[in-house]
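As given in TrEMBL:
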| type | residues | note |
| --- | --- | --- |
| BINDING | Asp29, Asp67, Tyr70, His240 | Fe cation 1 binding site |
| BINDING | Asp67, Asn106, His203, His238 | Fe cation 2 binding site |
| DISULFID | Cys157-Cys217 | disulfide bond |
| DOMAIN | 24-241 | domain 'Calcineurin-like phosphoesterase' |
| CARBOHYD | Asn112 | N-linked glycosylation site |
| SIGNAL | 1-15 | signal peptide |
Amino acid sequence: LALLWMTVTVMVAAGGSPEGAVQFLAVGDWGGVPDPPFTTPREVATAAAMGHVATDLGAEFVLALGDNFYYKGVQDEWDPRFQETFERVFTAPGLRELPWFVLAGNHDHAGNVTAQLAYSHHSPRWHFPHYYYSLRLSLPGTNASARLLVLDTVMLCGGGDDFGVGDAPRGPQDTRAAAAQLAWLRGRLAAAHHDRYVLVAGHYPVWSVAEHGPTACLVRLLRPLLRHHRVTAYLCGHDHNLQFLEEGGVGYVVSGAGNFMEETQSHGGAVPPGSLRFFFGAPTSPGGFAHLRLDAHAATVTFLEATGRVLYRVALPPR
């Protein structure tokens, strides 16, 4: 339990970004398949497009929003899936030098998440220091900073199958560990009151109109904290599409289109009225992801299809 209270803080400073910005890519549910060739056409197309965008728009890192290895994670830190689904796929020149900051999804928890943590010692690109951790982002050319708090929402809410009926999280497997993470989050949010932007990331959505819909556990536990601390945005995956919702001054970014694409909006009536601003889940699409740019004036979220097409862009104000 003592380990769960640990705060891991990683300093990320922009290198060469124009006009004093920190920029990164956010992609979820990108984790291939367990059988040869261990990738999907969408994952390959998304990886290539991420490389182009990292070069053209700029990026200091990639935020991986969980379900990194379908369908049952990895077995150990030497699992060949690290090579087959990650190292050999995200090879575009714009991506080769970028660090990946990783969190775990429900399919990762079906395997060995500790092995994904340990893989941080095997790859210079893979950064997964703890189940949950804090990144401090310095906006170059200014005295301003931003905070990115990375969560394990499976630890908070429990596991669930990503496919099929009755897949809602069933409650935390370890209630003490869940309580410890929530206490850590409260402390980190309180300590971030001077940061110009605060982003929180997890695998499960708070709000979503798609197949899985809102996560009741996060609506109950996380949503009040996001609103109270004026969090800029919450980023997630789990639903296999791209969405942007806004409620209570908080932006909700769903970026789960890295490997599969689903068009259902079966939970459209389960989100606050008027909150959905953007949705993309075309089944013929080759995938997609989000690009975020934090500068002195705004946090800009751009949703892109794997074709390179800009689908939607929104600017969120400083806190």
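Every residue gets a Cβ built from N, Cα and C, even glycine.
Just so you know, of the binding-site residues His203, His238, His240, the Cβ with the fewest other Cβ atoms around it within 10 Å is the one at His240.
Local packing around the disulfide-bonded residues Cys157, Cys217 was summarised as the count of other Cβ atoms within 10 Å of each Cβ; on this measure the leading residue is Cys157. Here Asn112 (N-linked glycosylation site) comes close to Gly73, Val74, Gln75, Asp76: these same-chain residues lie at least six apart in sequence, with C-beta atoms under 8 angstroms from its C-beta. Using Cα positions, the member of the recorded positions Asn106, Cys157, His203, Cys217 nearest to His240 (Fe cation 1 binding site) is identified as His203. Recorded residues Asn106 (Fe cation 2 binding site) and Asp67 (Fe cation 1 binding site) have their alpha carbons 6 Å apart, per Cα-Cα distance. For the recorded positions Asp67, Tyr70, Cys157, Cys217, a Cα-Cα cutoff of 10 angstroms around His238 (Fe cation 2 binding site) retains Asp67.
Note on proximity: among Cys157, His203, Cys217, the recorded positions of the record, the Cα nearest Asp67 (Fe cation 1 binding site) is that of His203. Proximity to His203 (Fe cation 2 binding site), defined by a C-alpha to C-alpha distance within 10 angstroms, is shown by none of the recorded positions Tyr70, Cys157, Cys217.
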